[in-house]
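J.: Got a structure here, written out as structure tokens. Questions coming.
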């Protein structure tokens, strides 16, 4: 098994390929990326067969921006007989995976794959039973064992392989299934909700998204992101010249500040969260975010960087490197993660959490 399949947003295959080539190469796991435009996936083929497993073991999945999911695979299984697709798949996985903890029969996130997805759902049940009989899967689901992936790229054609449950996306196809709240002011609310699921472990929500926290939403109108903060019983300063949804104002938790988000400066020092989804050049947004973090105006932030038409991976990398350099220069220790979320479009979402800093003698995490 010398290949890594990476699922991504259709249209961003080149960015996904550039990223895995760069980050695998830095670890001396060399290979080349096979890219098909708008396919919704990339295949990174390693020159050394054992390097594929080393990549998904050594490289933190959380460090990838454009990949929704990844797994190691072998050669493409083609021309699966309609009367018995299961036997060849079981044969490919025997001796490769032993006692896997979960099975995911998946497709790329494209319009062409929608019909194929219906088949995958029906096919999963008999395939799971056969894999359990063969010892490829345990008799019960467990997050402590590898995840078995069967990835169909066309009817009768699939890759088979595995990922580590501790270093992959926990979601089917790498996509969290979120429902749009009927009372939310805009669909952008799903971006922030997904970001919270992706960046913050569920068992830390009560502590890091606690009732009564103070938050700032820069460029808040009409309030899609503010809605998520209000839903978690935070007090929110929503900064925008445009109007906020009346339903949010009626909660009594929102203070609307009619100001430019780039010029606003907070007047209190206990702000836990700052969020920002402003349509502006990514370098300008990155500079503003770095300023907030360096000055200790917030403890954690989630913000979006709108992507240019070309060299998107390079642009995002430069923006993140700039923020990191500013933090380093001012002695701020922080964790930075970025991901192109399912609900993002021509953008990526970034999360930064300050851990400690020398600013004003303040220590963020006690």
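Cβ coordinates are placed from backbone N, Cα and C, and glycine is handled just like the others.
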J.: 221, 222, 223, 224, 240, 260, 277 bind S-adenosyl-L-methionine according to TrEMBL; which of 188, 247 goes with them?
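T.: Record source TrEMBL; matching candidate: 188.
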J.: Given the model, what does the mean pLDDT over the domain 'RlmM ferredoxin-like' (1-71) come out as?
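T.: Summing pLDDT over the domain 'RlmM ferredoxin-like' (1-71) and dividing by its length gives 97.
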J.: Could you measure between residue 221 (S-adenosyl-L-methionine binding site) and residue 306 (active site, proton acceptor) for me? Cα positions, answer in whole angstrom.
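T.: With the alpha carbons as reference points, the distance is 17 Å.
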J.: Same-chain residues six or more away whose CB lies under 8 A from the CB of residue 222 (S-adenosyl-L-methionine binding site)?
T.: 185, 186, 242, 243, 244, 245
J.: Per DSSP, residue 188 (S-adenosyl-L-methionine binding site) is which: helix, strand or coil?
T.: coil
J.: Do at least three C-beta pairs under 8 angstroms join the domain 'Ribosomal RNA large subunit methyltransferase M THUMP-like' (84-163) to the domain 'RlmM ferredoxin-like' (1-71), pairs 6 or more apart in sequence?
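T.: Yes, the stretches contact each other.
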